[in-house]
């Protein structure tokens, strides 16, 4: 693979999607081949899996089922969209990847990070990001942002209680420590303009 694979991670309301939309024009005007995508989703099969995962009424979904569905969506998205783009020398900006599964299912759901990592090693064939930006934010702040965003559809994970979202952040911080060679922690509780500038600097310093 010749391209650069950058993933953006963070708890609910950390600003991942808005950040990526802010990064795109910067790299486009530099004539960098760049593509934005998301997980779960990005292509038809994975978007269908996303719909299942996010349905509010599916509160009975068991943790292993959830982990396996995310891994399945990840596999299809990787082979159908991400890998071809990397082979065409694109900078791929992806909203979530394997670290989400480690934090949400591995830690917050209690499945164990090592078990979830092995599921995803199988799904990705050890394809890992060139760089991961983790947007750190207190759960209360992130959830308050979501509550104010009238255009954002509330999904099944948003409906979890605050203790779950606190565990997600704890899980992420463990993931950051475990993969410190790949992950850069950035404070997401700042104006989006400043966040975009900081992340651009990180990407350019680390990769370009």
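Any Cβ shown, glycine's included, is placed from N, Cα and C.
According to Swiss-Prot, the protein carries these features:
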type	residues	note
BINDING	10, 11, 12, 13, 14, 15, 16, 17	ATP binding site
Surrounding CB atoms that lie within 10 Å of the CB of residue 14 (ATP binding site), all protein chains: 26
Listed in sequence order, residues not in 10, 11, 12, 13, 14, 15, 16, 17 with Cβ within 8 Å of the centre of the ATP site Cβ atoms: 135, 137, 142, 145, 188
Fewest other C-beta atoms within 10 angstroms, as judged across 10, 11, 13, 15, which are the binding-site residues: 15
Binding-site residues compared (12, 16, 17) - the one with the fewest other Cβ atoms within 10 Å: 17
Three-state secondary structure, which DSSP defines for residue 16 (ATP binding site): helix
